[in-house]
Amino acid sequence: MSDKTNDDKTLSVNTKKTLTMKRPGVEQSTVRQNFSHGRTKAVVVETKKRKFSRPDEKPEVEAAAPKPAAPAPAAPAPAASTPAPAQAAQPAQAAPVVRAPAPATPAPKPAAPAAPVTKPHVAQQRPAQQRPGGQQAQRPRPSDRSGMVLNTLSRSEMDARRRALEEAQVREVEERARAVEEAKRRAEEDARRAKEREESARRQAEEEARLKAEADARRKAEEEAAKRMPQPEARTERRDDARPAPQGNRPQQAGRPQGNRPPQGGRPQQGGPRPAAPSLADAAPIPGKPLPQSQLRKTVASDDDDRRGGGLTAARRGAPAKPEVRAPKVVKTEDDRRRGKLTISSNLEDEGRSRSLSAMRRRQEKFKRSQMQETREKISREVTIPETITLQELAQRMTERSVDIIKYLMKQGQMMKPGDVIDADMAQLIAEEFGHTVKRVAESDVEEGIFGVADNEAALVSRPPVVTIMGHVDHGKTSLLDAIRHANVVSGEAGGITQHIGAYQVEQNGQKITFIDTPGHAAFTAMRARGAQATDIAILVVAADDSVMPQTIESINHAKAAGVPIIVAINKIDKPAADPQKVRTALLQHDVFVESMGGEVLDVEVSAKNKLNLDKLLEAILLQAEILDLKADPSRTAEGVVVEAQLDRGRGSVATVLVQTGTLHPGDILVAGSEWGRVRALVNDRGEHVKEAGPAMPVEVLGLQGTPQAGDRFAVVANEAKAREIAEYRQRLARDKAVARQSGARGSLEQMMNQLQVSGTKEFPLVIKGDVQGSIEAITNALDKLGTDEVRARIVHSGAGGITESDVSLAEASNAAIIGFNVRANKQARDAADQQGIEIRYYNIIYDLIDDVKAAMSGLLSPERRETFLGNAEILEVFNITKVGKVAGCRVTEGKVERGAGVRLIRDNVVIHEGKLKTLKRFKDEVSEVPAGQECGMAFENYDDIRAGDVIEAFRVEHVSRTL
């Protein structure tokens, strides 16, 4: 493209040359576009020619900078030695030498740019001076060559062209400098890669030598085996010959020709002996020069031969297998491996992608195993299978892939995922199918070895007897124990009755006796049962003036169920109405035969108030213990039973335990029921801290994580992990039982709604907090017995300890009342209860608690409907009165009729209507009642179908409140 002035003179340095910027290898042409309304536009279209270079061609770097032509006579100013823009387009193909541009003669006009220089073709390498005539060929005009339309350039366009040429010159200088730096960097990179190739070749040579030594040793062993077994010798040799040569980028072994591979299949060699394979250093590709097509064809052919197993083919045909000559591959360095981004520049590089050494080694080992028919030996393991297990965990325990297990299940017709849970039976089938042995375990196995450990017979020593005092309420059990202990426990009990189970230890004639005091109230049945189970001897206290009572009979049954001997203590013999012989006779009805009546049960007449015959009672206890021959092993870990448990504000969870065997020390890790903890302190019945608790010794244990249930067994375990595992298992078991019990009682939502509609049962929600677990259990059992078909008490929450804010929140959510038994609420709980309107009631006697709850539950009962007969009246005549309706003229035949009473209309001895009287008149006056023998007028509410001869029955309905 060129521009002209108005006088058709070209603006350029040389008046004979047009100012152009022609791109090398690009042809330009003009295309005219047609638009609507007869408009047209000429568009310049550039066509880029692709030049394909042959391997024997020289690159165009040598002809990149031709000498400038001699100036023409008509133009004395020499052409500026401006570098061609086309030369800047190929800096990456080669590293040309940077030539300093010749100083150009300043142009007479500052706005005139330098003369354009076009890229010479390959045929233009000959100097222009050799053309015939000794003159340069006249260049065709641009307009003649391309047929473009010449337009006039403005001054701004000429300035833009000039600035573009100057920027092109600056860019060319910068690109040449960058090319020099790139060439230097590539040289350093090539040197580093060559060093790495040498190191890799050295390692491969060492690996080849090691493999060769192993192959020689294996071959010698096979030859020796073949000598001993002559028959399979031929097969062994054929297998050795058929084994392929190692593959990969390994250097050729010394002593072997690298290029003289014998022809396969008897084919003659073409082209004589093949040249030796180039070394790794020589095989490095030249930057900017593509790999020759012949070398590419050889490389591809060798790869195809490897894939087709050419070594095996040659071995089968009888030719000795020799390693093939493969085109060396460039080993990737660590930086190249880490550079995972695929770019155009990296993809166009001649360095091919190659496998790592580890991948090649694994590939060779796998190929060798496949050739030698070596299979990995199946390892059979003992797999521990719990009750439930996931497929993923089962696969890990068998060291199998979960995919293989899923495939096996799919063959069996079951679609499962690795996270699915299966039972122990299915897991056992899968493990046995995969060749493993199975060991079945259950969650309850965590408790194995805790209880029932056999004692060492040589370490057994005598232990004190454990005695439980049982009997009816107010028969003097606690008073008798106080007299023995020289203490006063009765004064500390609310209401003078025992509501806790207590354990004490006394000493008589140098021998210790452990006493367990149980409540006698009917609500404490479970306490008496626990006391009988944890004892050796049961003392049955019977008042001489009261004889045998219901709780006395219950205590006898508990002792017989526990299988413990009974000693009868006939108390209160100091009273005038005492009759010990009556007590002995009454005990005969319950199979208790005392010695004085010809039986084997010891009986002692005592008086706790006057302390009479207490020594005889203790002697009887020691005699019975001597007969039982009680022994225990104090050197083993401690086991026992929880007598009582409570939550103390200052000390936390406190459990009163009875050590049955072993010795308990501070610091031992204890598991009691679903709670565990480390023993922080041991306190005896006198409040003293002790260093150990031996067999048959009651102590208070501090340090448990929670409050256990009374009656739970405890044991000492080895570590905290074992204790935590046992406690979690028991908590989960208790939670599952509670859920099953609730779901079984409630059923589904529809069943619950139907049950409520049919039965109409009302609930009285309660939150119960007590001082000890035994009292809470007794209160819960007593409240359950109060329930009927219409109303029952629902225990929302129960626990040992004081009343807290969480209890108030729970009571608010469930609309329940809070009951505190021997506990109080803290200030925050009281404030929250006042704010929310929650009632808190405190009790210290179980009688009062049960009576109040019973009265409150009675208020929920629907009142009883009572019907009282008043009288009958006969309808004599029916009158129709305006604005009133039908009025019956009646005579009272029996009793009386009251206004507002309920009435029934009887016709032919059938009740056809039941309602109320609207009006009752005698003559024209309203009256309250009409006695028998008098006449009156009656009208019914919302009913007019009355006839003469019908009978009206009057009655009164009363609602009477009920109690439980």
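The backbone N, Cα and C atoms fix where each Cβ goes, glycine too.
Swiss-Prot assigns the feature region 'G3' to one of the listed ranges (517-520, 741-744, 913-916), namely 517-520.
Among the ranges 571-574, 835-838, 923-926, the one that Swiss-Prot lists as region 'G4' is 571-574. Long-range Cβ contacts of the region 'G4' (571-574) within its own chain (Cβ-Cβ under 8 Å, at least 6 residues beyond either end) map to 475-476, 479-480, 541-546, 580, 605-610, 612. Counting every protein chain shown, the Cβ of LYS477 (GTP binding site) has 27 other Cβ atoms within 10 Å. Secondary structure at GLY471 (GTP binding site), taken from DSSP and collapsed to helix, strand or coil, is strand.
When other Cβ atoms within 10 Å of the Cβ of ASP474 (GTP binding site) are tallied across all protein chains shown, the result is 18.
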